[in-house]
Structures are given as C-alpha cells and as structure tokens.
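Peer 1: Pasting a structure here, questions to come.
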Amino acid sequence: MVERYVMSIDQGTNSTRCILFDHHGRLVSVAQREHQQHFPRPGWVEHDAVEIWRNLQRIMPEALSDAGVGAGEIAAIGIANQRETTVLWDRRTGAPLGRAIVWQDTRTGPLVEGLRDQPGDEFFIERCGLAPSTYFSAPRIRWLFDHVKGLAQRAEDGEVLIGTMESWLIWNLTGGAGGGLHITDVTNASRTMLMNIRTLTWDEELLAFFGVPRPMLPEIRSSAEGYGDADAVLPGVRITAALGDQQAALFGQTCFSPGEAKCTYGTGSFLLLNTGTDVVRSRNGLLTTVAYKIGDQAPVYALEGSIAVTGSLVQWFRDRLGLIGSAPEIETLARTVEDNGGCYIVPAFSGLFAPHWRSDARGVIVGLTSYITKGHLARAVLEATGWQTREVVDAMNADFSVALKQLKVDGGMTADNLLMQFVADVLDVPVVRPMVSETVSLGAAYAAGLAAGYWPDLEVLRRNWHRAGQWLPDMDPERRESEYDNWKRAVERSLGWIKPPRST
Amino acid sequence: MAGPVQSIERAAAILRLLAGGPRRLGLGEVAASLGLAKGTAHGILRTLQHVDFVEQDAATGKYQLGAALLHLGTSYLDVNELRSRSINWADALAARSGEAVRLGTPLEGNVLVIHHVFRPDDTLQTLDVGSLLPLHASSLGKVLLAFGTAPLEPALEVGLEAYTRHTLVVPEQLTRALAEIRELGWAAEVQEMSMGEAGVASPIRGHGGLVVGAISLSGPVERICDSQGRPRPSLITLLREAARAISRDLGATRW
C-alpha cells in the first residue's frame, strides 16, 4: 500500500475545510463547505454541530477525488479547530443537546464579570493560565447548567458528553454512539479553564468550582499521537493529531524553538510565542497556553496575545463607511497619501484585548483636522493593526527572556504590502511570509504526519518551510518612537468611555 | 457577414433607458418600456449587473446604472485586489516550479510589479513590488502588449531601448513576437532584459476574457530554458495552470 498524503481538517468558525498535503508540505487539493451562523439573540452566536459533521462527511471524499487519491493513500488525518466553541451531546443517540455555543458568544458576560470580581483572576490564572473571559468553555457549561433544566443531573449520570469541535468530530469519525472515542487534545483543553496548565489533567478544584461532573469530559491526549482509526467516511485511516487553530498555525509556521512567534492576521489577530517547556506567567496581559505536545514528549507552552479588531476594521471601513469597494482597496486608498496626516484610529469596538483588557474602552478617531482626507483615514486603519501588534510584542518581550528576532505572518492581511512593511517598521524586526499560507491546515497535517511517521522529525518540517516574502524595517527610530507615543496617547483617550451602570 | 447581435442591441437599449432618467426602474418597467418578455429583460439585467454596468437596489430590487460605467476608461480591477486574489496561486506556482513569481500590470508605459513571491530556496532576496520593468524587454510586458492591456504605439514612439544584445529593438520584430504570443498564449524573455536571466509569462483574464495583468516565472537562463535555449515545457505548463486558476477566480469563464 502506498501512503502518500496527509489529510488535514480545519473546522473553522465560518467553514470546514479538508486539505491534502504531500511530503514537501505542498497543498494538493482543497474541499470546503461553509456552515450557517445562528444569532438567536444579540451577543449570541451558535453553530449546528450536525450540519458541521455532515459537511465533513462530504468534503473528505471531495478532497480525495479532486486529487484522484484513494483512501489507502492517506497516511494520517489531523484536525485543527475553532477553539473554545462548545457542544453537548447525548452519549446514546449522538444527538447534540441544542446548538454549539461559539467562542464569539458573549452570553456569559455577566457571569464572567462576577468571576473576575469573586474569586478573582488570580484563582484561575494560578490553575489554568487564563483569566475569565467569555471566550472560554467553562463559564459556558456553567451557564447551560443554570439555564437548561435537568442538564446537570444528566451530566452527572454520564448521559451527556461535552467537547470542543475536535472532540465532536473525532467521536463521530470513530464510531459515534457505537463506541466513538471521546477525547480532546492538550491545546484545546487548555482553553476550557478546566485543565491544570502544569499537570495537563482536569483540575479537581476548577471542576468543583464550575460544578462540572467528570464523566461528561473527554480524555485529554497529546496533540500528536495515534488516537484510533476512523470508522466512518474513511474506515481504517488513522487519526493522529488535533490542535486548536492558532496553535496549529504556530506549528505550521514551524515555530518549534523558544522565542519563535507567528501572527495570524484575520478578522482579529492572534500572536503566539513559543516559550519552550516552561510555563511563563504573564505580567503584561498575555495568556499562557499549551502550544503542542507530541506523543509522550514534554509539552511546549506559548504566550498568546489576541487583538480583537484588525481585519474587521477594514471591513467596517468598507461596509459601514463605504469608502472602499473591497478590502484590498484599503492599500490603494492609503497610498494616495504620504502618511497618516496626524490621524489615529483606536478600534476598541468592544473594548481592548491584549495587553490592555479594558472592556470600558470604545473606539476613537483622534487628530482630525480639516486637512485629513479619506486617504489619511485609510492609513490610520492599517496603522492601527501595526501598533496593536507592537503592543503585544512589547508585552511578550517583557514577559519572556528571549526578545523577538523576526515575526512570521499569515492570514489574509499579509497580501497588504503597505501593512506588512509598517509592521516591520514599528516592530523593528523582519516580517516574513511563508510560501504555504494555509498554516492552520498545514500545522494539523504536520502534527498528524509526525505521529504517523510520515515525517521523521521537526527538522524535516523546518526544511519544508520557505520564505515567500520578507519585509525589512526601514523607519527612522525617532519617527518610530514619536509615532508610538502618539498611538499610546490615542489609546488613553479610548479608555473609560463606557460608564459603569448607575446603581439605584 | 453576421448581422447585429440581438441581445447586445437589447442590452444597449436597457442602458440607454436607465441613463434616461434619474429614477431607478423595476424589472416590469424595463420590460414594458422595451417590449421585452420579463424573463428576457431579467436575463440581460442580471448579466449587466454581473459586469457591474447595472446595480440593483437591495431594498426595492430596482435597477440603475452601475458605477463601473463611469470609469470605463480606467482599469476596473484594483491592483491590490488582483494581488489579494492571486496570492495563493502565485505561492503554489513558486513552490512547484522552484522559481520566483511576479505579477505585473501596466503603468504609464511600463510594467508595474504588483506582487513578488521569492524563489523557495531561502536565499537572500528582496521584494521588488512597486518597481517598474520595460514593456518590450520583459515577459510580463510582452504579454500586456500582446493582449492589448498596454498600448503598443506609445512604446514604439518612445523607441525600443536595447538592454542587451537580445532585446527586440526593431518594431517589426516586436510586432511579430507579439502575434506569436497571442497564438501561443504565453511569452518568453530570454536574456532580453539582462544577460543570464530568463522568464516566461502568461495572461490573467477577468470577466469576458479581458486581460487584466500577467504572471511570470523568472530565474537564471539555464534553469528556465533547456539546452537549446527554449523555455522548459514543464514550467510553461505550471505557469499556464496558475494563470488559468487565477482567471477563473476573477470570473473569466473559458480559460
């Protein structure tokens, strides 16, 4: 039997994709299906887990037939997934109990505010590396127990299973109600607020705090190891990897050494820094998370800085202000002027994330004069992404002993040359773009192929990484400092805009 | 000789009708005004909408002239948009061919490099996005000239500068080469811009087959060409596949 490709599944927020990669890490075929976004109430975001499973059953054979490849030529399957999105299902029937609650869903906002107050961030950071946020799964489980009658008891009795999307898909792929594997990997488990960041096991105190019964939780496994064979869709093919999407991108960018970092520029942006086998506790507003764990090797950790609004600021500029017809035109408009004309935009649309974590901030445009044109505004839109990256990198350099030497980038905004040059200018380090931009899928494939022996070691994967483009810093240091100072003063003006509700 | 094409006549009538008044018109009004069946009028309106000559109001469903008609003389595809839409295919082409990839569009008598993917060998290379290449001495430029994306006459008026002894400097030579490029669907540049360097390029097409830019592979002549100095067929195949894939993404149907 010839085993020639690795299959990667990326279960993302908007779509599910199946990509085949060859030995050189080159993309061979892609099949993709979008799923519906449900917004039942303001702030609520849900996905239909059954729809996602059906999509996967269609795209896996599609990816094979597009490449003219048989199931026997697949060496292994790896899965990357949208993190923190949570689904509950019936162990016996396999039917989900309601729709999956998506990471963007803010229904647990009041609950989370309460947790930050009592017992306070420290209690959680000490155990799971995370301060409470609406992103993470545990507050969501608590919310469900509080709002769905009888659910807590059914969970206690072992009738209900819970998982993030990789757990749901692996359970279904390996037999579902007829003996499917109920597992998760350390990277996904590290985003639940229920896993102890040091022992990598479910933390008894956190389970007790959130009232989560042990029987409903998946078993925590390594990110890359033989989980089991598929039973459905591609029977007999090994499933050997699962990672959260941002960790998968870090892996796909081959950031295997401490001090290596990547930033994925999408709607929001996620910067992850490999900190090696040490758990680095951030003093500057970053999250501590598991980067990956290969087989029985020691886990590798990462610091993560998430920026809420980057690409979505360009979308806002296009859809709400109507100043451009398509997102890439922002660069054309920005190039009609030499500089920002003294104008800065702080896109704190729903507060500021890392490193500020201020929910009372709202967006501001400062420095407006009669001189400012839409070109200057376009510059300010792009520069906001650059400065927000700089703030996160500053926090990382303060938290970690190895200063950033270069930034690997991926995601849609890397097509914007003006922005990438600006990022290099304000960070004062080279910014490099890899030849395979599908780093999330590639990371899952790499982890899967590594566990299956398709690739021998990390060195080989490193050699597969090639530079497609590079931007070198080219900004006068004085100008960099004065512009950064202006940006910081703009951020100050965004803080505290939302007043606390008046108590009666 | 074939007679006038009826659907184009009707499309012209619809555009004149929409241009006639300040008001948006519904499908029924357009059909009734021109004596067309609703289905016919709808088909033409949808096609005109597809090429951005007509816009439909989202709330009322009524039609008006599209903004694209006002800018008929200027390039309809933003260069940054073209880069954004091509980037995955250009990366794949560089990965498969092992050579550097560039995209070009015309700018004031030159080729503007709008995208550049490094040769995947991790040697020191510098992005040359924004730099200009001569139309007649580069494979990108020859494609743009051959398919009418850049006009030939101004280039000939300025005179064809010799960059090497292989540069096509005689207008008749260039015209013949362009005819051959139209025939083949790709252009080559063998030591015409600088000695030791070669490149091949293919057109990128948008709606209706209009050529909006070109994509090229380039590198040392001994890697791009075989021992006879002819571009390697395997590279041409990869190049044309990438050009077709980008064209399909941009809405060209037949390529």
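Glycine is no exception: its Cβ is also placed from the backbone N, Cα and C atoms.
All TrEMBL annotations are machine predictions without curation.
Marked as domain 'Carbohydrate kinase FGGY N-terminal' by TrEMBL: A:5-252. Per TrEMBL, ADP binding site is recorded for A:T13, A:R17, A:T267, A:G311, A:G412. The sn-glycerol 3-phosphate binding site annotation in TrEMBL covers A:T13, A:R83, A:E84, A:Y135, A:D245. Annotation comment: TrEMBL describes A:T13, A:S15, A:T267, A:G311, A:Q315, A:G412 as ATP binding site. Sequence annotations record features per position, and here TrEMBL assigns glycerol binding site to A:R83, A:E84, A:Y135, A:D245, A:Q246. The domain 'Carbohydrate kinase FGGY C-terminal' annotation in TrEMBL covers A:261-452.
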Peer 1: Are there residues of the same chain, six or more positions away from A:Y135 (sn-glycerol 3-phosphate binding site), whose CB falls under 8 angstroms from its CB, and which are they?
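Peer 2: Same-chain residues close to A:Y135 (sn-glycerol 3-phosphate binding site) (Cβ under 8 Å, separated by 6 or more) are A:R83, A:E84, A:W103, A:R191.
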Peer 1: Residues other than A:T13, A:R83, A:E84, A:Y135, A:D245 within 8 Å, Cβ to Cβ centroid, of the sn-glycerol 3-phosphate site?
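Peer 2: So the extra residues in range turn out to be A:N81, A:Q82, A:T85, A:W103, A:R191, A:G244, A:Q246.
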Peer 1: Relative to the Cα of A:T267 (ADP binding site), which of the binding-site residues A:S15, A:D245, A:Q246, A:Q315 has the closest Cα?
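Peer 2: Closest by Cα distance to A:T267 (ADP binding site) among the binding-site residues A:S15, A:D245, A:Q246, A:Q315: A:Q315.
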Peer 1: State the mean pLDDT for the domain 'Carbohydrate kinase FGGY N-terminal' (A:5-252).
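Peer 2: Mean per-residue confidence for the domain 'Carbohydrate kinase FGGY N-terminal' (A:5-252): 92 out of 100.
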Peer 1: Tell me which of the binding-site residues A:T13, A:R17, A:G311, A:G412 ends up closest to A:D245 (sn-glycerol 3-phosphate binding site) in space, Cα to Cα.
Peer 2: A:T13
Peer 1: When DSSP is mapped onto helix/strand/coil, what comes out for A:D245 (sn-glycerol 3-phosphate binding site)?
Peer 2: helix
Peer 1: May I ask you to report the DSSP-based helix, strand or coil state of A:G311 (ADP binding site)?
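Peer 2: Assignment for A:G311 (ADP binding site) reads helix.
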Peer 1: Pick the one among the binding-site residues A:T13, A:T267, A:Q315 whose Cβ has the fewest other Cβ atoms within 10 Å in this structure.
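Peer 2: Among the binding-site residues A:T13, A:T267, A:Q315, the sparsest Cβ neighbourhood within 10 Å belongs to A:Q315.
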Peer 1: Between A:S15 (ATP binding site) and A:G412 (ADP binding site), find the distance joining the two CA atoms and give it rounded to the nearest Å.
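Peer 2: Cα-Cα, rounded: 15 Å.
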Peer 1: When you tally the Cβ atoms that lie within 10 Å of each candidate's Cβ, which of the binding-site residues (A:S15, A:Q246) has the highest tally?
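Peer 2: Max Cβ neighbours within 10 Å, all protein chains included: A:Q246.
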Peer 1: Of A:T13, A:R17, A:Q246, A:G412, which is closest to A:Q315 (ATP binding site) if I measure between C-alpha atoms? They're all binding-site residues.
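Peer 2: The answer is A:G412.
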Peer 1: Pairwise over A:T13, A:R17, A:T267, A:G311, A:G412, annotated as binding ADP, what's the top Cα to Cα distance to the nearest Å?
Peer 2: 21
Peer 1: Can you name every residue in this chain, apart from A:R83, A:E84, A:Y135, A:D245, A:Q246, with its Cβ inside 8 Å of the center of the Cβ atoms of the recorded glycerol site?
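Peer 2: Sorted by sequence, the hits are A:Q82, A:T85, A:W103, A:R191, A:G244.
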